[in-house]
């Protein structure tokens, strides 16, 4: 039996794991998220790896550590979490009326009962199309405070859903954890994540 550890404080990621019946604990990595990578897929994979490795040091055996990172990209611009309300407004104006990509990288570190380590890192990409946003809609959304801790300054599963006209790819990638891919990747090691209770 493995202890499953989510190396993230994200309420969305916690919700996804709980939703499918996975029993897990949360151990938040406080490391600074700095990378020299420039491609969105490499950024999210490297940051997910850094988070997972940071937390993995605290566990010896029988543990599955899951690190994840999500960013939004549009025309080679990387959009992380907004620094302030003005920054959120800039991001939302940029995404208004266009299709952008959401990248989520995941690293899974598995430490078995003899302390041997297996590791897998992958990423998923989904596309999101946003309707044309008025200035008033942007300001109302920012006033809700919802955008402030979200990559790209929006939550597809929250109030912003009213402005999302199309999604291509996995919805959970956009929320922050591609659960079906995660399940399949861990299954390759002969482990059923849902049965680890």
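Here the Cβ of each residue, glycine as well, is placed from N, Cα and C on the backbone.
Annotation source Swiss-Prot lists active site, proton acceptor at 69, citing sequence analysis. Around residue 69 (active site, proton acceptor), the same-chain residues six or more apart in sequence whose CB sits under 8 Å from its CB are 33, 43, 44, 47, 48, 51, 104, 105, listed in sequence order.
According to Swiss-Prot, the feature site 'Important for substrate specificity' maps to 12 (among others), an assignment based on sequence analysis. All protein chains shown were included, and the count of other CB atoms within 10 Å of the CB of residue 12 (site 'Important for substrate specificity') stands at 20.
In sequence order, 44, 102, 103, 104, 105, 151, 173, 174, 176 are the residues near residue 70 (site 'Important for substrate specificity'), counting only same-chain partners six or more apart with C-beta under 8 A. According to Swiss-Prot, the feature site 'Important for substrate specificity' maps to 70 (among others), an assignment based on sequence analysis.
The annotation site 'Important for substrate specificity' is assigned in Swiss-Prot to 157 (among others) on the grounds of sequence analysis. Taken residue by residue with DSSP, residue 157 (site 'Important for substrate specificity') is part of neither helix nor strand, so it is coil.
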Near residue 157 (site 'Important for substrate specificity'), how many other Cβ atoms are within 10 Å of its Cβ?
17
Rounded Cα-Cα span from residue 157 (site 'Important for substrate specificity') to residue 12 (site 'Important for substrate specificity'), Å:
9
